[in-house]
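Participant: Dropping a structure here in structure tokens format, bear with me for questions.
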Amino acid sequence: MSTVLAIHASPRGERSHSRRLAEVFLAAWQARHPQSRLTRRETGRALIPPVNEAFVAAAFYPEPDARPLSMQADLAFSDELVGELLGHDLLVISTPMHNFSVPSGLKAWIDQIVRLGLTFNHTLDNGVAQYAPLVQGKKALIVTSRGGFGFGPGGELESLNHADTLLRTALGFIGITDITVVAAEGEESAERTFQISVAEAEERLLALAREF
Ligand SMILES: Cc1cc2nc3c(=O)[nH]c(=O)nc-3n(C[C@H](O)[C@H](O)[C@H](O)COP(=O)(O)O)c2cc1C
């Protein structure tokens, strides 16, 4: 992997744990790959527009090559985000868990990059919709922080974790299936509990920086 796109989704800046943990990975990864290219995209502290009617009309226009100029303009930012995604090998998403899912800015980013004809295709098979991913050869690393405890695999709250499942499903839908999740849990538990989880996450991220 020689190029990384880092998406930061926390509304918090320096106080964000997910952001800081992702930066631990990025610093270690860059130290090992000094020639690499790293791009950061903010979805937590900058507005990613939600999908609106004009976007839907333009994105699903039946003749994409003949889109009117006004529709091309409606998709310009989405085109930029898709180009950015396609232009990097490794996607690193840092995100808090917000109300059992991801912050709305990250959801808006997903809605902007899941694009018919660019990142997935749609056909009909005997009148039934079929979908095919168009993105190939990418990995994703999701670095997340949660207030509660037990949302990971086998945990008591796993079935309430709609953040990892949303990211895995949406990224998988466009063809990014090689996904690793590293989580720090328990910010709202005793300080020591969270510290241990953060230290374990850091260790895992440093190991991944040597691997990727
Ligand atoms: C609006 C909001 C909703 C939250 N919802 C959840 C939740 O559903 N489950 C959870 O475990 N923690 C939840 N938290 C706590 C955050 O996940 C936790 O503070 C996390 O460490 C924040 O990550 P950050 O430091 O990167 O912003 C929520 C926090 C906020 C501000």
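Using N, Cα and C of the backbone, Cβ positions are placed for all residues, glycine too.
Pasting the feature list from TrEMBL:
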- 3-204: domain 'Flavodoxin-like fold' (DOMAIN)
- SER10, SER16, HIS17, SER18, SER145, ARG146, GLY147, GLY148: FMN binding site (BINDING)
Participant: The record lists SER10, SER16, HIS17, SER18, SER145, ARG146, GLY147, GLY148 as binding FMN. What's the largest Cα to Cα distance among them, in Å, rounded to a whole number?
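Facilitator: Between the outermost Cα atoms of SER10, SER16, HIS17, SER18, SER145, ARG146, GLY147, GLY148, the distance is 16 Å.
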Participant: What three-state secondary structure does DSSP assign to SER18 (FMN binding site)?
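Facilitator: Going by the DSSP assignment, SER18 (FMN binding site) falls within a helical segment, counted as helix.
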Participant: According to DSSP, does GLY147 (FMN binding site) sit in a helix, a strand, or coil?
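Facilitator: For GLY147 (FMN binding site) - judged by DSSP and reduced to three states - the answer is coil.
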Participant: Considering the binding-site residues HIS17, ARG146, which residue's Cβ sits among the greatest number of other Cβ atoms within 10 Å?
Facilitator: ARG146
Participant: Taking all residues of the domain 'Flavodoxin-like fold' (3-204) together, what is their mean pLDDT?
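Facilitator: Mean model confidence (pLDDT) across the domain 'Flavodoxin-like fold' (3-204) is 97.
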Participant: Could you say which of the binding-site residues GLY147, GLY148 has its Cβ with the most other Cβ atoms inside 10 Å?
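Facilitator: For the binding-site residues GLY147, GLY148, the Cβ with the most other Cβ atoms within 10 Å is GLY148.
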Participant: So which one is it: of the binding-site residues SER16, SER18, SER145, which has the fewest other Cβ atoms within 10 Å?
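Facilitator: Least crowded of the binding-site residues SER16, SER18, SER145, by Cβ count within 10 Å, is SER16.
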